[in-house]
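If you look up Swiss-Prot, you'll see 149, 276, 391, 422, 456, 587 marked as N-linked glycosylation site. Taken from Swiss-Prot, the feature topological domain 'Intravirion' covers 1-38. The annotation topological domain 'Virion surface' is assigned in Swiss-Prot to 56-607 on the grounds of sequence analysis. For 39-55, the entry in Swiss-Prot reads transmembrane segment, with the evidence type sequence analysis.
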């Protein structure tokens, strides 16, 4: 029998089979061809793993960084929250408790104590006296044990309300017209043309009072917020028929209304004639808030109330309402009250205004407390350089070396208080002209324009700012300069070196217009032309321009008074002018009162 091995050998012997050595070579070649591809795949996988690890590391770093920043902000917020909690707990909570105690417990107790105090004082001081309270609810429901003067107060209150209602409808259009700019706009590139006209007063109480044997000595006019007021001294020889005395003082008030198209009409609504009173020779005037106020005196120099009754000078106070209510019109003599350092005040033709129920005027005053500063100002300015004023030996209006200060007169028009004139003084630029100091309402709430007119053609006048409040301050504005030689707050008016101009016989007062921008007007009586003329000068300091217009006169003479008061109407300049002169031909005195209008236009406007 064959063994199993022999059978296998016999099988392979008789059958073909692959050579084992040749098969091994083929397998090695296949493995050699696969090795590079396998390595490439492994390399790619390795690179991918590295990239994934890198990205994972970067993201992990960003997350860690963000967590750190968030933790930092969270810690800061916790600190701030802790601080706020501390403030609320340790500061605000006790404060609220204190406020609650004050408001809830102590304040009602204090108010009750004050109420009891007022009631006790009211009952103690003349409980039967008639009180004149200024609020309407006192008329309707007066308190117990207090007697209210219904007849006086309620009539005044009702009349004022009715007057204000009627006047506002009339004056609204006037006030709108009175703020317009009179000059061409800034875009004007051509020549500015001016045209003037003269108009007689359509209706004038003064002209109706002046008869042939009568003469107006002086006239003072004030215009404010559509209201005008006038006062003048009328001298007449016709004492038997019309008046008891040769001299009478006339006051009139009214509003400016439209008449004949575009012409303003001075419509008189109330007037008063005072005769047989020597204290009305010199008067001031102020208008505003539907009223006229005036201070009248016999002499220009007034000695305020200094305690000596023999040296006191009383001032006649005249008040007129717009529509002539008897209880609003007042006539009373008052003694001015001033600080003991104020020695004298000088009252002439002064124009003021009424604001917040207070009439205010500016006058020269002689104050002992201000003399030192003014003398030092002038002395220091005259040490090294000779100004024209350094040669003066006497100063207006008090004479000698006594330099005047700026005085302010205030008169309260509140009917709940007695009439009183308070005098206060302030230091300002040196005053060369002691006549005609005026006060105009300014665009600022706490100040007005204080003007002093020019004089003799060499002093240009000056315009200052003067405060309205309790503290009286005068600040230089224009037409003044500060000398280099002076180290203190020293200002002098501009004074020319030239000799007095003989062609200018008289200068008027300085008028500040009620426009939004600062503009002012002055007039002169000029004889340089073949015909005499009143020449108007209109200034606009903001634009550094000025305009001149002469109004030729039909007569020739020597003037002694020239007074103007200007306002804006429909964008044009209107002025009420009054002048008195002595005719050369007949040597008689003549007075003229009329209106002038100056219109400014531009030849070419830029688009």
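Placed from the backbone N, Cα and C atoms, the Cβ positions cover glycine too.
Annotated features, which come from Swiss-Prot, shown on the structure.
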{"residue": "276", "record": "N-linked glycosylation site", "DSSP class": "coil"}
{"residue": "391", "record": "N-linked glycosylation site", "DSSP class": "helix"}
{"residue": "422", "record": "N-linked glycosylation site", "DSSP class": "strand"}
{"residue": "456", "record": "N-linked glycosylation site", "DSSP class": "coil"}
{"residue": "587", "record": "N-linked glycosylation site", "DSSP class": "coil"}
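Considering only the glycosylation sites 276, 422, 456, 587, the residue whose Cα is spatially closest to the Cα of residue 391 (N-linked glycosylation site) is 456.
The glycosylation sites listed here (276, 422, 587) include no residue with a Cα within 10 A of the Cα of residue 456 (N-linked glycosylation site).
This prediction places the mean pLDDT of the topological domain 'Virion surface' (56-607) at 82.
Proximity of residue 422 (N-linked glycosylation site) to non-local residues of its own chain (separation of 6 or more, Cβ distance below 8 Å) is seen for 336, 337, 338, 409, 410, given in sequence order. Taking the Cα atom of each, residue 587 (N-linked glycosylation site) and residue 276 (N-linked glycosylation site) are about 30 angstrom apart. The 10 Å shell around the Cβ of residue 456 (N-linked glycosylation site) contains 15 further Cβ atoms across the protein chains shown.
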